[in-house]
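*Asks:* Encoded as structure tokens, here's the structure I'll be asking about.
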């Protein structure tokens with residue numbers, strides 16, 4: 001019987017699911033495992049600068065990967081604990097990261113040896129227990145016979161639930177053999193079928209609400225993206241012609257060039273015409289909602305109707321009634337078979353708000369502002385772009401822009417760990433290399449956030465991520481924090497860097513750097529056809545006033561300050 005090592009089995013499983021880049025760092029408890037990655041044709045080891053960045057990179061990769069999956073490998077204790085921030089972010093934002101940790105050998109654990117990287121108390125499962133709180137499921141493997149099934153179980157759960165999973169793999173098991181034939185049976189990635197009786201009740205109730213509605217809207221959020229419901233959402237818009245809106249976390253969940261797209265709804269922080277359109281609706285079909293503070297304008301949704309249908313990844317809610325086990329993908333597919341017949345015969349498609357992204361004419365020498373930047377940038381985006389925006393001015397500014405067709409938006413609105421996007425850009429760029437090297441990956445990051453995770457630009461240079469644009473918004477420190485509290489406080493200051501020296505510092509081969517500070521320089525940059533071609537890694541430092549911020553961020557900062565001060 002043909003056999004392969006358990007280590008190779010793991011990487012072959014990843015390869016079957018089109019997870020062909022593995023992130024992480026080597027350590028003495030995972031070295032034998034890492035040898036096996038080179039035995040699988042088409043796979044590569046990213047080799048990150050540190051574990052936190054590796055976790056962010058894995059998160060970004062998963063958001064671009066067709067199966068919504070990624071993988072990373074770290075070492076016991078000192079390596080894996082550096083991942084906790086990144087893995088917690090992936091858990092909160094529903095991202096399927098397969099987190100494998102190389103742990104000491106089974107015999108060392110049994111003897112409770114006082115090994116390095118331990119707490120010195122013989123407890124080898126303490127870190128596993130920590131990760132249980134931020135993992136959908138986990139396996140601390142101890143037996144070679146059950147190991148393949150445990151690996152498959154964790155990978156399946158990462159896909160189905162779109163959340164991180166933890167696998168602890170002892171160093172002595174890596175080279176043990178398992179039947180190669182196990183790979184012939186693919187992992188079952190099918191979703192649990194909905195309860196037929198509950199689903200029938202859901203569909204009939206939704207159809208009745210649709211038949212009675214004269215002003216329905218569709219509101220799409222992040223989990224529609226994470227749980228692969230974009231095709232169903234697109235079909236629902238096409239079949240019903242209902243106005244559709246997204247949340248900040250839902251940007252790129254729908255085609256924003258669709259004439260039925262009305263904009264981004266952020267509660268009280270929405271544009272007035274968007275706020276009126278959503279809140280005056282008599283039926284709201286909410287798909288994949290994640291109702292966090294920054295995603296809802298500090299919970300300021302002002303629906304005037306009680307006719308709200310919420311489709312989620314593991315339940316559906318209609319008004320006050322919850323239907324556990326009726327997940328949205330199957331429910332939407334079922335609804336689509338009849339929804340057109342359910343529409344009120346007197347329904348006339350309601351006009352959607354129109355947003356004209358045109359800046360007020362200004363002299364070329366006019367200093368650049370956030371408002372001008374975020375209005376102008378939409379005209380430079382093109383179909384298929386992967387657009388990544390850092391927590392702060394970028395994540396709020398991008399809300400007012402329009403994404404082109406087939407774009408992917410990445411922003412950590414819920415978890416909000418500053419510096420996340422630099423690592424995520426590395427992962428997204430490497431995923432894009434595998435899918436389409438001509439697909440542009442565009443990062444907008446503040447000068448303060450950049451300083452937390454800047455090392456991962458080195459990894460981008462190593463892998464020649466020449467599809468990458470790094471826009472560094474230099475507003476001299478932590479503007480979002482200044483807006484919330486401490487405008488003049490020293491703790492919101494940072495040491496200025498010579499940012500344009502970073503690419504040569506990291507030994508980039510083909511690169512380009514620019515610094516812009518005026519309206520004319522931005523216009524010229526976006527008019528430059530050569531600049532639009534993704535043939536080298538580029539960094540553009542965008543000089544902006546310190547307290548200049550998108551209007552919605554200024555308003556959100558006031559709401560956040562109020563929330564923080566409440567007793």
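Cβ from N, Cα, C; glycine included.
Small disclaimer: the values here were computed from a predicted structure and weren't measured.
OK, Swiss-Prot features for this one:
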type	residues	note
BINDING	28, 117, 481	pyruvate binding site
BINDING	393, 416, 417, 418, 448, 449, 475, 476, 477, 478, 479, 480	thiamine diphosphate binding site
BINDING	447, 475, 477	Mg(2+) binding site
*Asks:* Can you see whether DSSP assigns residue 447 (Mg(2+) binding site) to helix, strand or coil?
*Replies:* helix
*Asks:* Out of these binding-site residues, 28, 447, which one has the fewest other C-beta atoms within 10 Å of its own C-beta?
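*Replies:* Result for the binding-site residues 28, 447: minimum number of other Cβ atoms within 10 Å at 28.
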*Asks:* C-alpha of residue 475 (thiamine diphosphate binding site) to C-alpha of residue 447 (Mg(2+) binding site): distance in Å?
*Replies:* 7
*Asks:* Name the residues of the same chain, 6+ apart in sequence, whose Cβ is under 8 Å from the Cβ of residue 417 (thiamine diphosphate binding site)?
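*Replies:* Listed in sequence order: 85, 86, 89, 391.
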*Asks:* Please find, for 28, 117, 481 as listed binding pyruvate, the greatest distance between any two Cα atoms, in Å.
*Replies:* 40
*Asks:* Taking each of 393, 447, 448, 477, 479 in turn, which of these binding-site residues have a Cα lying within 10 angstroms of the Cα of residue 117 (pyruvate binding site)?
*Replies:* none
*Asks:* Give me the Cα-Cα distance between residue 28 (pyruvate binding site) and residue 448 (thiamine diphosphate binding site), rounded to a whole Å.
*Replies:* 34
*Asks:* Within 10 Å of residue 447 (Mg(2+) binding site) (Cα to Cα), which of the binding-site residues 393, 477, 481 do you find?
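*Replies:* Checking each Cα against residue 447 (Mg(2+) binding site), the hits are 477.
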